[in-house]
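Trainee: Features from TrEMBL:
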COMPBIAS  277-286  compositional bias 'Polar residues'
REGION    269-290  region 'Disordered'
TRANSMEM  95-113  transmembrane segment
TRANSMEM  120-140  transmembrane segment
TRANSMEM  160-180  transmembrane segment
TRANSMEM  192-218  transmembrane segment
TRANSMEM  238-260  transmembrane segment
TRANSMEM  307-325  transmembrane segment
TRANSMEM  345-365  transmembrane segment
Amino acid sequence: MYNPCTYNTAILLLWRCKIKTQHCRQAARPGIGSYYCEGVQHMLPTHLICRLHRVCCMGSTYNNSTSSLFRSSTFLDMSVDPVAFSPYHYFPTEYVAILFVSLFGLSTALHVGQSIYFRAWWALPTIALAGLLEVLGWSARIWSSISPFLLSPYEMQLTLTILAPTPLVAGNFVILGRIIRDMGPQYSRLPPRWYAIIFCSFDIISLIVQAVGGGIAATAAGQGTDPTLGGHVMLGGIVFQMATITIYVFCALEFFIRYIKDTPLKSSRKGSVEAKPQTSISGDSTDTVRPEIAEHSKRGSVMSKKLQIMTFALLFSTLCLFIRAVYRTIELSDGWSGRIISTQVYFNVLDGTMIVLAIYTLNLVHPDLFLTPVERTSMASPDLEKNI
C-alpha cells in the first residue's frame, strides 16, 4: 500500500541533500520508508517517519481517499532542514572520520608491533585496546556519514568513543608506577605497584559505569524514549574518571617535585637506599634496588635526557586525556540537544584530536625505548608483565 508520508519524506531528504531525484527510485512499505539511489539503499526507520509526519503530510492522517492528494510534492515544507532529524544534529563529515580511522589504525598497528618487539605485553590490553576501540567508533561515524539518520551507527560510535580512552588512561597509570620505581620509591606516597592496582581499579569502575550508561542511552534512543538517564550515568562515569586522573596527576606532581628537590618522604632512607630492601613491582619483598638505581636515586637533581623526555611525554599524554574528559563532561552536562554535542568541530578537536595526540605520544616515546637500563628494571621481564 502506498504511504504518502514515507514517499514525501524520501523526496524531502533527497531534495535537501542535493541528490538528483531523476536518477533515483522511491519505494514505500508499511512502517518503513526507503529510496534507492545509484545502487545504494538507505532505509528510514519507523520512528523517523513518525517524527517527520507533520512536516511531510501537513499534519494530516493518511487514508485511501486522500492518497492521491499527498502524491504531490507541493505539500512538502522545503524550509525544514533534515539535519534537525539526525541524532547528531549534524551530518558527520566522511573524510574526517576516514582520517581518524586511518590515524588510529596506524597507531594501533604500531603499538601491537612495539609490544611484540619489546615484549611489553601490558600495552596490548591498555594502549592497543584503546586504539582498536577508537577505530571501531570512528568507523561507525563513517557509516553515519553515509546513512546519517540511522540510529545503530550513532549508538555504536557514542558508546565506543566514550569508552575507548579508558584503557589508554590505565596504560598511563602503569607507566607512572614504573617510572617511580626506577627514579626512587622513597619520593612517592604510594609503593610503585599500587599505582597500577589502585588507579587501574578506579579506571575499570569508570569503564563499567560508562558502559552501563551507554547501554541505557542506546536502548532509550532505539525505543524512541528519553535517553537522559543513560546520559547522566555516562556523565557520572566520566566525572569519576576525571577525578581519578586529577588525583593521579597530583600524586605524580608531588613525586616529581620531591625528586627534583631531593626531599624523600622517609628521611631515614636517604643515604641508605642501597641497603634497604624494596618491594618490587612483581610483589617480591626480597628484591632490592639495584646499585646503579640506588646511586641514581641519591641525587634527585640527576635526571637523564631520555628520562626527562619520557616524563614530559607522559605528562603531555595525561594532559590530552584530561582535556578530553573535561570536554565530555561539559558535553553531556549540556544535554543531548545542547550546543556542544551538536557542534561537530568540538568533537573532532577536543575528543578525536586529543586521543590521537595522547596515543601517538606513546608511539614516539615508548617506555621500553626511552627508558635506559639505569631507569628501567627489566620492564619486559615475565615477572613484571605477569603482575601488571
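Glycine residues also receive a Cβ, built from the backbone N, Cα and C atoms like all the rest.
Where the annotation comes from TrEMBL, it is an automatic prediction and has not been curated.
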Trainee: Please determine whether the transmembrane segment (160-180) and the transmembrane segment (307-325) are in contact (criterion: at least three Cβ-Cβ distances under 8 Å, sequence separation 6 or more).
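Mentor: The answer is yes, given that the two segments have at least 3 Cβ pairs within the 8 Å cut-off.
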Trainee: Taking residues 6+ outside the transmembrane segment (192-218), which of them lie with a CB under 8 Å of any CB in it?
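Mentor: Those are 155, 158-159, 162-163, 166-167, 169-170, 173-174, 176-178, 180-181, 185, 227, 229-238, 240-241, 244, 247-248, 251, 279-283, 387-388, in sequence order.
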Trainee: Okay, the transmembrane segment (345-365) and the transmembrane segment (95-113): do they have at least three CB pairs under 8 Å, pairs separated by 6 or more?
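Mentor: Since 3 or more Cβ pairs under 8 Å link them, the transmembrane segment (95-113) and the transmembrane segment (345-365) do come into contact.
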Trainee: Counting only residues 6+ away from its ends, which parts of the chain sit with a Cβ under 8 Å from the transmembrane segment (307-325)?
Mentor: 165, 168-169, 172, 175-176, 179, 183, 238, 241-242, 245-246, 248-249, 252, 256, 350-351, 354-355, 357-359, 361-362, 364-365, 367, 370-372, 375
